[in-house]
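Only one structure is covered here, and it is reproduced in the block below.
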Amino acid sequence: MAAEKGGSSDEERKPLTRGGMEYRDSSNSLHYSSSAASLSLAVIDRINGSTHDTGPDEIGRGDRDYSDDGEYDIEEADYIPSGGKPVQKKVKIVLGFLLFLCLSGWSLAFVLFLFGGHESSKTSIVYEDNISDTGSQGIKITLDEVFDGTWSPNSRDISWIPGPNGEDGLLLEKGASISNGYLRVEDIVSRKDPKSSKKPIVLMQKAYFNVSGEAVFPSRVWPSPDLKTVLVLSNEEKNWRHSFTGKYWLFDVESQTGQPLDPAAKDQRVQLASWSPRSDAVVFTRDNNMFLRKLSSNEVIKITTNGGVNLFYGVPDWVYEEEVFSGNSVTWWADDGEYIAFLRTNESSVPEYPVQYFVSRPNGEIPKPGGESYPETRKIKYPKAGAPNPIVDLQFFDVGKDEVFSVDIKGDFADSNRLIIEVVWASNGKVIVRSTNRESDVLHVAVIDVFSRTGKIVRKEDINALDGGWVEPSQTTRFIPADPDNGRLNDGYIDTVIYEGRDQLAYYTPIDNPKPIVLTNGHSEVVQAPSGVDLKRGLVYFVVAGNEPWERHIYSVNFDGTSLQPVTNVSESSYYDVSFSNGAGYAFLKYAGPQVPWQKVISTPANEVTFEETIEENNHLSERLRQYTLESKIYQYIDIDGFSLPVLERRPPNFNQTKKYPVLFYLYGGPGSQTVKKKFNVDFQSYVAANLGYIVVTVDGRGTGFIGRKARCIIRGNLGHFESRDQIQAAKIWAAKPYVDESRISIWGWSYGGFMALKTIEQDGGRTFKYGIAVAPVTDWRYYDSIYTERYMHTPQRNPGGYDNAAISNTTALANNIRFLVMHGTADDNVHIQNSLTFIDKLDVNNVHNYDVHFFPDSDHSIYFHNAHKIVYSRLADWLVNAFNGEWLKTYDPTPNDSILRRAATWVGMSI
């Protein structure tokens, strides 16, 4: 697609209804690359567009611009006027009367402003970023470029790997040139020193190998801890968001040959496999049963035998995969390789939800003759709010005794009221288990001793009583072994705790001590901490939301809470991510914005060796920024009801304070989430601002993360109430700005953001927001999964009024909006299409028709099937342009004028 050059880049997209009355049509839009990046909940993150000077994320459309030099008059051009011929005298009288009304209104408004009460909100600008300095002469970004990778930063995938003899700073690299090996382990320091005696260890010379005439092409690889064997996955097929199946192989490094993981069933698909810390065995799950393959034998040991449709061993069911572990494994080896802990999940009582496929057949089965015309139905055990949950308990396998057992914990939650959210092996047969009640507001931390087969609860925290909040499931607890030589007399662990209204880092020692040493405190909150632990030097590394919530910086602190030190330059407003080597002597530092992202490997400050190597600089993006025109970004706060809320405003290039711009609000808004981030990101919002010429505003309202638990927890039991108020109040603030056209304000979101878009326009009733767009929205929280929903809403049985209030149900208010759009995939296994269908039924029952709808056959929550992802954003852009150009206003009073009547009369042979 040819790029646009020249012209005033602050112009809005020209109304498609002018000059021919052509309706904006998705079918003639963009030509997308087939390599569009994938979107899921991770997609939502990308759509949410981080915050920085980059730009587009979604739609690119049309080549015509127009200058928006004044407010759009619905009576001009091709809009349909009322009938009758103009009478000059009457016009003068009317105009004079209108002028009198305007002057009176302005005077009254001025008096009210001086003496009346003001809205309890204010704005304060903190940062303004504009990394594109081409002005109006730069090339405009297109929607194609947003999705074809043109603006995607290159990102090297470097994995740290522990050395077999305790070496630190080893990297696992995959996909290197054939001459250097396809899979190899390299010492980070020696790779810059040609004289070093530490040479790379080549694990796999080639990118494939043969087993009995079958070519095996690895999709994923896991070296054994001793680096002598590689566990290889091939023929991978996706299951749900994080899970997959495939064929597993064992590849011998010395001989460069492979064999099936299970020689007796090499073609059967395996759900999960993982190495023993001793490198002598692999545990795996197939058909929901667990097996053990010892490398000393070709025989496979059955650990469980009764797994099946309703009983899972070692792998999570749908809801635990999606809402608790965000992964495909619930299997944990003890560090000595003597025991395996795993979850047993019983779904017998969980109701099923049918997902239908009208075009494809995901199960791969050919229908019987006569059945070709029927859709394929996949039934998922999906616990909706208030429905029975899967029963989950922790089991253990004694490798030496070939025995499965469980351990009872006195005072623990009942089976039906328990969520197991984390399992961490300690030393000497001890296991740390974190669990919550069903509504996720009471936390139990238990310690189990597998030697004595006993367990006890060592910590209880009633989060609901503490601040009315909840426990977010996470898997970041880090075991800290005793080391008397370094001052650690007892085992312990590091966990994230609530301290003075924010998430902070704490160290518990001994392991059964309920009172911690708080390691961090203050205004900032830790993020998925800890990120790394240096046991030798007694240091914890972690990521923190910096001086402002949209930042991320790296810090370290001693185990005793002293010597809190920044690793990154905290004087700069930046966004970093990091991964640490096994011993935390080195860090893979990833700068994500606001400028062009880069990646470096560095030695950590406590390391005696000083090292730094740039891995990626993304020079191609720096060059592109010199050619293109992007939006400017304003990071600021607004105060609403006493809460200071982060806001990102994206302004079109060549922004003109004297013009009137339409405004699109974009949000996600889910509990604990964050959309206002200071990252380099060219996304759909960038496209809307930099190409279409609209302002885009994102507000992280109450309920979102990193603004304190008081603001976060206020939403509990009443999702959508405070969040929608924040969006409405923010829209009022922007509507009052001199450069905003208050008649053209819209809002859009996906998933939770779709729910928020609908809830906001429902609560606003057309007073501030005139338009709304919801993609894959929840419309009634009774239809969403139990673990997520009840965490924030309690159960429907306990909180029926809250569920009623949260549902999108006020059709009268929705009818007061000019128009809204709903899009949904029919095979969405996450937010079921039931949400949109029942919502549309409410609209039909109440004779509401000011909306559009688009369903995508066989698409899941990310909406990708058969070109659907392109169509989502093409449709979104088309619809938005038409909305802001008054297309839907024509339906308000569709009275034909005399020209239309004359044409109709001519067509039937009459004369007027």
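Heads up, the Cβ atoms here are built off N, Cα and C, so glycines get one too.
Not measured: the values here are computed from a predicted model.
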Where does the N-linked glycosylation site label fall among Asn48, Asn656, going by Swiss-Prot? Asn656
So if I measure Cβ to Cβ from Asn810 (N-linked glycosylation site) and keep only same-chain residues at least 6 apart in sequence, which ones fall under 8 Å? Glu762, Gln763, Gly765
If I take the Cα of Asn346 (N-linked glycosylation site) as reference, which of the recorded positions Asn210, Asn569, Asn656, Ser751, Asp828 has the closest Cα? Asp828
Within 10 Å of Asp828 (active site, charge relay system), Cα to Cα, which of the recorded positions Asn210, Asn569, Asn656, His861 are there? His861
List the residues of the same chain that sit at least 6 positions away from Asn210 (N-linked glycosylation site) in sequence and have their Cβ under 8 Å from its Cβ, in sequence order, or write 'none'. Val216, Gly258
Tally every other Cβ atom lying within 10 Å of the Cβ atom of His861 (active site, charge relay system). 24
Say you check the Cα of Ser751 (active site, charge relay system) against those of the recorded positions Asn569, Asn656, His861; which is nearest? His861
